[in-house]
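> So that we are looking at the same thing, I have put the structure below in C-alpha cells.
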C-alpha cells in the first residue's frame, strides 16, 4: 500500500506553522480570545490529566476503566528534547497546549500517559462523552438506529448449492451477522425516537472515532493575520504531534483478555487476512464496521472485480489454448520456417548501412509464438471482453446499490462537510443566491478561474513531459536496433541458439520494455507529488471533491505513463516506414522501426507482459516488504524494552502510519490493471488470468497490511467508489476501439482473411480452392538492390551469395512494373477490409453494450422496494412518535388549562 512520506506532505503545506501568531483559546460558547500574552499567566488554560500506565496492555479505556479511548495523540515532550533551536520547542508547546485546552473546551476529555519504552513520548488519550457525541452526531447528520429492521431477506438463489456456498462463506458462528436497523439522521430533540438500549453501545467505536476526528480536524490553535490555523492534520505535519490515530481493539494473533473487547481485529485476521482464508468470501459487514464504509466499499469492489475476472480468465485461457494447439496447423508459419521457402527469401535491411540482408527463416520461432496470439480465438476473445466489461460495470452498479442500502449510505451526500483546509481559506464574504445569507468562500469567481487555468496548464505541461519520455524511448529503440543488428551473431541459417531466439527485433523489444518500465516507476514517484500539489492549490471544498479531482489528475498522468508505449507499438510502429528505396526518418535522422513479417502483435504482447508482471512484482515489494521491514526495524530498536508490558496505544503507535490518501493508490493500481485487461486484451488473452491471480493475492495482502502492519484508519463514510466509476466506463468505451484497431492494424488477421477469400483463388491467385498456401510470398514485396540509395544501402554478407533483389513487408508493385513501388490492389483490398471490420465490430459491440446497459437497471427492483419500504416505515415511525409526543404535550396543556379554568370559576372565599 503505497504512501507518501511525512517529509513530502510537509513540503506541500501551503503555510508553515513556524510563524508567530496569536494563540487561540475557545470556550463552549466559541469565544475566541486573540490576545492572550503569555500562556503561563492564563487562568483559563486547561491541561489533560497525567496518569501512570495501569499495567493492562489490552485496555481500551482510561485508567478509571469507564471512559473509552476514542483517539490517541502522540507528542514528544519539549522539556526532554535534546535540542531547542531558537525557541522552536517553546512555540510548539504553546500551540499544543492551546490546542488541547480548546479540545477540553469543546467537551472532549483528555488523559495523558508517558511512554513505557521512551519517556520522551507522551500519549494523550481522547474520550468523547455522551453529550458531545450526540451534539456532533446531529451536526454530521449521522444515521443511527430507530428500531430493528423487520424486513425479511430473500432466501438464497443457489438452492441445492448452498452446501458449496457455505464452504466459501464466513463461519457465522465465529463472525455473527450484524443486526439490521431502520435508521434516520440523529436529532437531539428526538432522542426518544432512537433505539437507545445502552448508551455505551449506541455509538459504535468506528462512529465514535469518526466524530472525534471531526472535532480534532476543526479545533483552532492559532490566528495569523486574521487567518485561523486549526486541525490535527496540520499539527502532525508540522511536527507538533508525532501521530494521531484511533486504537485497534486487540492483538491480531490472539484474543484480548479484556471481556469488554469485541476482538474484531482478531476475527478479521483469522477469517480474512490469514492465508488459510484465501478461498473464503470477505466478511464485508465486519470490515465496514471496523474500518468504515470507505474501506468496506473498496474491498467489496475489488472482490467483485476479482469474481468477474474468473469468467474472463477462463475464456482467455481457452482462446490461448486454441491458438497453442493449432500452431502446428499454421500454414503461414510453416512457410516462414520451411528451408525452401523462408530459407530462400532474402529480406531487405531494416536500418541503414550497418544492418545486413537476412533470411526470413530466422524469424521462425517468433512466427510460431505469433500463431498462438494471432488466431481466430483472439477475435472471439476481443468481442467477448467488450461484452464482459459492460456486464461487470452494470452488475457492479447493482451490487453497489445493495451495499448503499445495507450500509445506510443512500443519502450520504447530505452529510459531507467542508474540508478544514478549505474552511481555513474562507476569507471572502458573498451572498448565497439560494439562502440570500452571507457565506464565506476562499476566493472570488475570478480567482477560481485563475486557479483552474493554472491547474489545467500544469496538468497539460506534465503530460507533455511524459510524452517526451516516451519519445526518448522511441529514439532508444531506433538507435539500439542498429546496434543489435550489427553486433548480434549473423548466422543467416537461423540454427544458432542465440540467433534462433534473440533476433534484433526481440532484443530491442525486451530491453526497451524493461527501460520503459523503469522510467514509468520513476515518473510515478514524481507525478504523485505534482498531482497532490496541484490539487492542494486548486482547493476543493469537500473531501470527495478533493479525491475526485486528484483521481482525475493521477489517472491522466498514469494513463499516458503506462499506456503510451503500448499505443506506440500497437498503432504507430511499422505503419509509416516507406519502402527500402525511400524510407521515412524520425526527426530526420533515425529510420522508422519496422515490424516483423508477422506484424507487431508479438512485440505488444511482450510489452504488456513485462509491464504488467513488473508492476505486480514491484507493487507487492512495496506493499508487503516495506511495511514489514519498517516494523521489523522498529522492533529491533525497541528490543531493550521488549520485556516490559506495553499498552495498546503504544503498540499501535509503533505500527506504520497509513498514507494521507488512504486506499487511493490501491484503487489507482487496480484501475491501471483494469486498463491493461481491457484496452489491449486482443494481443494478450492471458491478461485476465494474470490479473485474477494478482487480485486474489492483492485482497489478502491488503487485508494483512491493514490488520497487522498499519495503524487503524479513521473510519470514513463512502457511498460509492467515486470518480473511479466514470473512469472505468470511459476505459470500457475506449477498449472497444483499441481492440478493434489492434485486430485490424496490429495483427495480421485481416490480410490473411483477404488473401484466403480473394487472392488465393482466381482472378488474383493460382490456387483452385481457398487456401493459405503462398500467403507469405504474396505479402512480401520485391525490391531491386540496385535501387538502394547510398545512405540506406545494407551491408551484404557472403553467406547470402549473389542476389539482385530482396523482400520487404508491404503491398507494392515490383520493380519494372509501370507503377513500381506504388501500392498494389491487394493493399487497397486490405485497407477496405480493415476499415469495414472496425466499423462492423464497433457497431456490433456498442449495440450489445447499450442494450445490456438499458436492460440491466442500476438498482434492482428488490433493492428499490427495500429502500422505499424503509423510507416509508421510518417516516411512519417518526410520525407516530411525533404524534405521541404531541398528544402527551397536548394532554399536559389541556390539564393545565382545565386547572386554570377551575381556579378562575371557583368562588373566592370571603
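Using N, Cα and C of the backbone, Cβ positions are placed for all residues, glycine too.
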> Determine which of 623, 716 appears in Swiss-Prot for the same Ca(2+) site as 666, 669.
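So, going by the record in Swiss-Prot, that would be 623.
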> Name the residue among 153, 493 that Swiss-Prot annotates as N-linked glycosylation site.
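In Swiss-Prot, 493 carries the N-linked glycosylation site label; others show none in the record.
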> Between 259-279, 280-300, 301-321, 322-342, I'd like to know which one Swiss-Prot lists as transmembrane segment.
301-321
> According to Swiss-Prot, which of these ranges is transmembrane segment: 426-446, 531-551, 552-572, 573-593?
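Result: 552-572 is the stretch Swiss-Prot calls transmembrane segment.
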> Of the residues 226, 777, which is given the N-linked glycosylation site tag by Swiss-Prot?
777
> Write down the single range among 202-221, 402-421, 602-621, 642-661 that appears in Swiss-Prot as transmembrane segment.
602-621
> Transmembrane segment per Swiss-Prot sits at which of 345-365, 723-743, 744-764, 786-806?
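Checking Swiss-Prot against the ranges 345-365, 723-743, 744-764, 786-806, the transmembrane segment one is 723-743.
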> Sort the residues of the topological domain 'Cytoplasmic' (706-722) into helix, strand and coil with DSSP and give the three counts.
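Taking each residue of the topological domain 'Cytoplasmic' (706-722) in turn, the totals are 4 helix, 1 strand, 12 coil.
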> Please check if the transmembrane segment (376-396) comes into contact with the transmembrane segment (602-621), where contact means 3 or more CB pairs closer than 8 Å and the residues in each pair are separated by 6 or more positions.
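The answer is no, given that the two segments have fewer than 3 Cβ pairs within the 8 Å cut-off.
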> Compute the C-alpha separation of residue 361 (N-linked glycosylation site) from residue 337 (disulfide bond), stating it in Å without decimals.
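Their Cα atoms are separated by 5 Å.
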> With Cβ distances under 8 Å as the criterion, find the stretch in 301-321, 602-621, 664-684, 685-705, 837-857 that has the most pairs with the transmembrane segment (552-572).
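Comparing 301-321, 602-621, 664-684, 685-705, 837-857: 664-684 has the most Cβ pairs near the transmembrane segment (552-572).
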> Reported as an integer number of Å, what is the Cα distance between residue 329 (N-linked glycosylation site) and residue 623 (Ca(2+) binding site)?
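Checking the Cα atoms of residue 329 (N-linked glycosylation site) and residue 623 (Ca(2+) binding site) gives a distance of 45 Å.
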> If we count other C-beta atoms within 10 Å, could you say which of the disulfide-bonded residues 330, 371, 806 has the fewest?
330
> If I count Cβ-Cβ pairs under 8 A between the transmembrane segment (664-684) and each of 301-321, 456-476, 723-743, which range comes out on top?
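Maximum Cβ contact count belongs to 723-743.
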> Measure from the Cα of residue 355 (disulfide bond) to the Cα of every one of the disulfide-bonded residues 337, 371, 600, 806, then give the nearest.
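Result for residue 355 (disulfide bond): the nearest of the disulfide-bonded residues is 806.
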